[in-house]
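One structure below.
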Amino acid sequence: VTQCCFLTLHPLFFWFWSFHPRMALALCLQVLCSLCGWLSLYISFCRLNKHRSYEWSCRLVTFTHGVLSIGLSAYIGFIDGPWPFTHPGSPNTPLQVQVLCLTLGYFIFDLGWCIYFRSEGALMLAHHTLSILGIIMALVLGESGTEVNAVLFGSEITNPLLQMRWFLRETGHYHSFTGDVVDFLFVALFTGVRIGVGARLLFCEMISPTPKWFVKVGGVAMYAVSWCFMFNIWRFAWKKSIKKYHAWRSRRSEERQLKHNGHLKTH
C-alpha cells in the first residue's frame, strides 16, 4: 500500500512543482524550517542532558511535538473547522497548511532518527512513512487537510502518555500507581479514539465522493496500522492484567495466613 501511494504521489508532486512553483517552494521552505527547528530542539536537549541517552532527548522532542500537535489539531478540528466528519476532501485552510508543514518536518526528523539509530521496528517505520506520504499528499493536492488533521489528532493524542511511560521506566517509577494510571489512559484513549472514532472517520471518508481515491487508500492503510498497534497493546494489557491479578491473589493469601496464624510462613 505504501508503494502504491508513493507511485501515485511521485508524478503528482512534480506536476504540482511544474504548475505551482512558488507555492511548492513556499511549502518546501516551511517544511525545511520545521525540520531545522526540531533538529535544533533535539541538539539543545542533548546538550542539556549530557548524562542521558540520545533516545532520552529524542523522546523529549517527541513529547513536545505530541503536546503541540494535539493542541493545534484540536483547535483546527473543533473550533476553526471545517468538521472532518462532514467535510472530508475540503480545501486546505492556511492554518491547516502551517500545522501540516510543522508536523511533516517533525516526522522527517523522527523517521531519520529511527533509521539511523535502528530503534524501531517495521510497523513504526511504516506508520511514519504513511504519515509523511499522507501529509505531502494533502499539501500537494491543496485539499483533504481536514481529515489528515483529524488523523493527526487521533494519532498524537496517546503519544504523550507513551513517552511518559518510557520516562517512568527509565527513572524506575513505572511499577507504581502512576505507571498503572498512564497505562490505563493510554489503552483507553487508543481504543476509544484511534480505533473507535477512527472507524467513524474512515467511514465518512469512504462514503464521501469528494476525496480522491488514493486519499481513501491512504486512510485505509493508516487505520490498518492502528489495528496492528492495537493487537500489540491489547496483548500487553492482558499480560499485565494477569500479572496484577496473580500478585493480588498472592497478597490476599499472605494476609489471610497472617490473620489466622499471626505470622507469615517462612521458607
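Glycine too: its Cβ is placed from the backbone N, Cα and C atoms.
Bear in mind that TrEMBL entries carry predicted annotations, made automatically and left uncurated.
The feature transmembrane segment is assigned by TrEMBL to 23-45, 57-77, 97-116, 123-142, 180-201, 213-234. For 51-226, the entry in TrEMBL reads domain 'TLC'.
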Item to complete: Could you tell me what the rest of the chain brings near the transmembrane segment (180-201), counting residues at least six beyond its ends with Cβ under 8 Å?
Response: 84-85, 147, 150-151, 154-155, 157-158, 161-162, 164-165, 168, 219, 223, 226-227, 229-230, 233-234, 237, 240
Fill in: Recorded stretch, among 23-45, 57-77, 213-234, maximising Cβ pairs under 8 Å relative to the transmembrane segment (123-142)
213-234
Discussion item. As a test of reading the model: what is the averaged pLDDT for the domain 'TLC' (51-226)?
Written reply: 91
